[in-house]
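Following: one structure in structure tokens, then a few remarks.
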Amino acid sequence: MLKVGLTGGIGAGKSEVSRLLVEHGAVLIDADRIAREVVAPGTPGLAAVVEAFGTDVLAPDGSLDRPKLGSIVFADPDKLAVLNAIVHPLVGARSRELETAAAADAVVIHDVPLLAENGLAPLYDLVVVVDASPETQLDRLVRLRGMTEQDARARMAAQATREKRLAIADIVMDNDVPLEELERRVGDVWADLVHRAHQPGESQE
């Protein structure tokens, strides 16, 4: 098994890269998706979030009001740290369960937005960083996700710097390119990952 940490700044295109890797045959463990699952209605995770931030972060149907919570935590580093302390251990436990279920020769992609921020690089055999210029990130967040420029800049500022992400990268995937070129680059990276997965001693398993 080859454990790959995949990360990138918000708006860099990490989700597109993970989708393409899955098409090639990777096993994906998506931290964002798991983070939503562990705070679903009725979970201990959601109860802990409500205890920390109050019932104002709940939608009328009892689910987590993500935009409301986001507006609180991305404007206050201390509150973001509180949220991360609740969610990250739950995500880690579920991720380990999914990894254990994967085949012995699998390339397991851990899609982890905050890999650099939380010093998680040593957990993986190698780290792939999807990189885009800050201008590209901002454009995608405003144009494609409908964020205000202020909200987009706040979310970018809440993450690790571009330099910090690049410093932990074993492979950097430049995504200031059209989709067709990105698809070609992902194909090349996939071939490299499969080769590494079959090298004796490469995996931490």
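Just so it is clear, glycine is given a Cβ too, placed from its N, Cα and C backbone atoms.
Noted in Swiss-Prot for the protein shown:
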type	residues	note
DOMAIN	3-204	domain 'DPCK'
BINDING	G11, A12, G13, K14, S15, E16	ATP binding site
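Taking Cβ-Cβ distances under 8 Å and a sequence gap of 6 or more within the same chain, the neighbours of E16 (ATP binding site) are N175, L179, L182. The secondary structure of G11 (ATP binding site), as reduced to three states from DSSP, is coil rather than helix or strand.
A simple way to gauge crowding: the CB of G13 (ATP binding site) has 24 other CB atoms within 10 angstroms, across all the protein chains here.
The Cβ centroid of G11, A12, G13, K14, S15, E16 marks the ATP site; residues of that chain outside this set whose Cβ lies within 8 Å of it are G8, I10, V17, V130, A132, R140, N175, given in sequence order. Its Cβ taken as reference, S15 (ATP binding site) is surrounded by 15 other Cβ atoms within 10 Å in the chains shown. When Cβ atoms from all protein chains are considered, those within 10 Å of K14 (ATP binding site) total 24, not counting its own.
Cβ-based neighbour count (10 Å, all protein chains) for G11 (ATP binding site) stands at 23. The average pLDDT computed for the domain 'DPCK' (3-204) is 93.
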